[in-house]
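Asker: Please find one structure pasted underneath; my questions will follow.
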Amino acid sequence: MTLQQIKEIYSRPLTELILQALEIHNKNFGNDIELCSLKSIKTGTCPEDCKYCPQSGHYNTSIEKHKLLDKDSILAEAKNAKDAGSKRFCMGAAWKHIPKKDFDQVAEIITEVKNLGLETCVTLGSINADEATKLKQAGLDYYNHNLDTSREFYPEIITTRKFEERIETIRNVANADINVCCGGILGMGESLDDRFNLLLELLQLPAAPKSIPINTLIPIKGTPLGDKYTNAQIDSFELVRFIATTRILFPQARLRLSAGRENMSLETQTLCFLAGINSIFYGNKLLTENNATVNSDNFLLAKLGLKSNAELC
């Protein structure tokens with residue numbers, strides 16, 4: 001696949017593009033939506049300078065910071081998520097690299113969440129090959145490490161971690177036989193070509209991502225992008241085109257509509273489902289930011305006749 005071929009797919013008439021994406025989606029997945037819950041298990045004081053992130057220690061934001069939560073409180077959240085219908089419990093920690101003093105505790109938490117009957121996913125920053133192997137042994141199913149944007153635009157967003165470092169972490173995850181969860185963020189001021197190049201980078205990862213989060217910027221006061229923009233710099237039709245193109249390029253990946261969904265109309269979310277989305281974060285909170293409410297999600301899924309994969313088990 002070349003950059004030009006990706007452009008040609010994206011540029012098709014919208015109805016034709018959505019139809020092809022929907023046909024591919026139905027062939028591989030059918031009518032189910034994966035419900036995932038996301039918990040911030042360590043919040044704030046991150047040494048990274050990601051310009052979109054309120055958890056960066058470089059910026060003055062209003063988030064409530066805390067160290068790694070205790071195991072019992074995390075397990076209680078996981079049980080609640082399962083009872084609410086989630087299939088996967090994702091845990092995020094604001095680290096550039098997991099501290100040695102916390103590694104064993106995180107591994108133990110993964111094992112106990114797995115024992116609840118949930119799929120496990122973590123995002124802990126960079127990990128080396130040995131750490132990836134130990135997380136696999138603990139029962140980890142997915143490791144999230146987003147590319148965020150194209151290689152070319154990346155230095156405009158982050159300077160404390162090189163793009164190639166992200167690729168190396170994904171290589172370590174894949175070599176440990178952990179499923180790769182990797183996507184990006186739209187609406188940070190990037191060009192269309194940057195979005196196409198992000199897709200090309202995802203195609204060229206050491207292992208094909210089994211899960212692709214598609215985020216739109218949530219401008220948060222105190223962050224450089226939050227102070228620059230009041231809304232994500234992408235319209236609904238561009239988002240739907242991007243999702244449909246992603247579905248065509250990744251027919252067997254779960255595409256997750258992630259950050260920014262709270263600000264989308266039900267009609268826009270419906271188009272996203274038609275274009276290939278088959279996973280959402282379910283719950284009123286998304287790390288430090290509000291998410292679409294459980295009630296609104298239940299209403300929309302019922303309105304569209306979509307079933308969660310928990311209901312189909």
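Yeah, the Cβs are placed from backbone N, Cα and C, and that goes for glycine too.
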Asker: If I go by Swiss-Prot, which of C90, C272 binds [2Fe-2S] cluster at the same site as C121, C181, R256?
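Answerer: As annotated by Swiss-Prot, C121, C181, R256 share the [2Fe-2S] cluster site with C90, chosen from C90, C272.
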Asker: I'd like the number of other C-beta atoms within 10 A of the C-beta of C121 ([2Fe-2S] cluster binding site), please.
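Answerer: 24, counting other Cβ atoms within 10 Å of C121 ([2Fe-2S] cluster binding site).
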Asker: Tell me, if you would, which residue among C46, C53, C90, C181 (binding-site residues) has the fewest other CB atoms within 10 Å in the structure shown?
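Answerer: Looking at the binding-site residues C46, C53, C90, C181, the Cβ with the fewest others within 10 Å is that of C46.
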Asker: Taking the centroid of the Cβ atoms of C46, C50, C53 as the [4Fe-4S] cluster site, which other residues of that chain lie with their Cβ within 8 Å of it, listed in sequence order?
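Answerer: Apart from the listed residues, the neighbours are E48, D49, Y52, P54, Q55, S56, A94.
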Asker: Could you say whether, by DSSP, C50 ([4Fe-4S] cluster binding site) belongs to a helix, a strand or a coil region?
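Answerer: Once the DSSP labels are grouped into three classes, C50 ([4Fe-4S] cluster binding site) ends up as coil.
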Asker: Applying the rule Cβ within 8 Å of the centroid of the Cβ atoms of C90, C121, C181, R256, what extra residues of the same chain belong around the [2Fe-2S] cluster site?
Answerer: C36, L38, R88, T123, Y142, N144, S211, P213
Asker: Among all protein chains shown, how many Cβ atoms are found within 10 Å of the Cβ of C50 ([4Fe-4S] cluster binding site), not counting that one?
Answerer: 22
